[in-house]
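Only one structure is covered here, and it is reproduced in the block below.
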């Protein structure tokens, strides 16, 4: 839950590394200063006392800090980090660089008259805030001090209410940077009401060289559509002249006569003081003895020699790995090995005119393999691809064993010159994504759409239930669903797929997939299951019927109120389900009246059932097929979309967070194999 780091980790895997590190520490020890890092991903009762809660602020059951009760007025709450944070050095007089990232949410319940907002502040350690100076004073100021603080103070405010006495008169709600005053030193317009209840991710950074204090922010769902509204702000200020060397960091939020709820979801901070580099090194050179210089030279030469040997061994291992991969693949039945030369010829040297699409893993090209007289799609993985050697080998091993009419057929592979290529059958009608959201002239008729839904369900039934092992696809989305000449489904891209025994419930894999299609429990815990694949299947069904993307971050009509386009597709469809407006408001407008209402209702309700926030409430793929064939009735879903709660278990670490080989792998777009 909390990561807290001081620069004291001096361990190494070899004696030589230890020697070099010890020498470096010896040389630069006089100039080492405090360095601090922490990361709160949630806030809970009973946590170590690293956060102090004041006023009405309390840690809530959902892991957030609730600064005030939304049902009461004139409340103020604040939190502070319990330890002092050094922001400039008494020895050098120089300020530190620091960066803090946090996420928060404001529920502006009274859109016509908001509360007063939330702010991040820096103040002297132990400074006593005025007792309950609520409302626009944010518990930081009092009227008797002429809108100034009784102690040095710098704060960044997300102000939801315009106070005529001190707030700018040319904008309403705003983001401001304030220097010891309620009057913002610099500010920019910010429409608080249009972002109500959306999660905001903000970052505040200070550059000690340029003296620039900058703020950036972005929202998860609602985009900034007002041209007068910015998403960044900066102000030049020398913190070493304004604040003491040690300060406390914190957040404060207030509501006046209007109710407004403020929540802090996460908080991360890193701070380090720079050394006095130029003068230090001059003194250092003078102070080093001749023997120390010789020793350092020897260590550098030795390090270069060892590094060269390691590079040579790495190259030898790469060659051995390539040979090993080839042997593994050659043992697999079905797909055959092609030479790189043949693929270069088939794709006209991977000509841009042959390119069918490009994604995070690389590019896909149309090719003509004269050797087998077949048109193919050649998937060429890029050198810095997220889909590296392991995923390449994984995709070949899994898909080479699968045989089903609704799966893309893998014809062959190539692993030469450190290049990884997969050769698939060319699917002439491209991806479902290109038909629903692209610029193809021909509209998908309703019969074809329903056929696509059944075909995808058939492919998923084979993967989950009918093959020897359960195959978790983990990346079911419209751009991975190919359509042949008769618009039969061909599910492809098995680079993220995983095998597991049928009796197992889930498989912890690390996060991978595409936002908008990933189940909430999978995003939160990284645990893939049949149910997480079913969730993705449900999203695709909703896209098929509505002709809308799973996530659309646009806003219509420039209105101050939240529009439908600011919601995810699941939220919108479920809301219309509750209003009993599925058929009248959800079906793709391009279809007009040319669709089967019973089938449309079937796919929409089934899509919501599959995309239920609670994984235990989703159907199996067998149940889904029975519903699509009208062998089972439609489920009776809640009129309002349920909210599932997930507890994230975190541990304390003594080093900076890192991502291992099973880390995050997410994409925002796919590729289409075909035209």
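A Cβ is built for glycine as well, from the same backbone N, Cα and C atoms used for every other residue.
Swiss-Prot annotations:
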type	residues	note
BINDING	356, 357, 358, 359, 360, 361, 362, 363, 364, 379	ATP binding site
CARBOHYD	9	N-linked glycosylation site
CARBOHYD	39	N-linked glycosylation site
CARBOHYD	110	N-linked glycosylation site
CARBOHYD	146	N-linked glycosylation site
CARBOHYD	179	N-linked glycosylation site
CARBOHYD	186	N-linked glycosylation site
CARBOHYD	191	N-linked glycosylation site
CARBOHYD	212	N-linked glycosylation site
SIGNAL	1-35	signal peptide
TRANSMEM	282-302	transmembrane segment
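Structural mapping of features recorded in Swiss-Prot.
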residue	record	Cβ contacts under 8 Å, 6 or more apart
179	N-linked glycosylation site	154, 185, 235, 237, 242
186	N-linked glycosylation site	176, 177, 233, 234, 235
212	N-linked glycosylation site	206, 234, 235, 236
For the C-alpha pair, I'd like the distance in angstrom between residue 364 (ATP binding site) and residue 39 (N-linked glycosylation site), rounded off.
40
Quick note, residue 358 (ATP binding site) and residue 191 (N-linked glycosylation site): C-alpha atoms separated, nearest Å, by 37
Between residue 39 (N-linked glycosylation site) and residue 356 (ATP binding site), what is the CA-CA distance rounded to a whole number of Å?
42
Distance from residue 191 (N-linked glycosylation site) back to residue 356 (ATP binding site), taken between C-alpha atoms, in Å
41
Cα-Cα distance linking residue 191 (N-linked glycosylation site) and residue 362 (ATP binding site), given in Å to the nearest integer:
40
Neighbouring C-beta atoms (10 Å sphere around the C-beta of residue 191 (N-linked glycosylation site)):
19
Hey, what's the Cβ neighbour count for residue 39 (N-linked glycosylation site) at 10 Å?
19
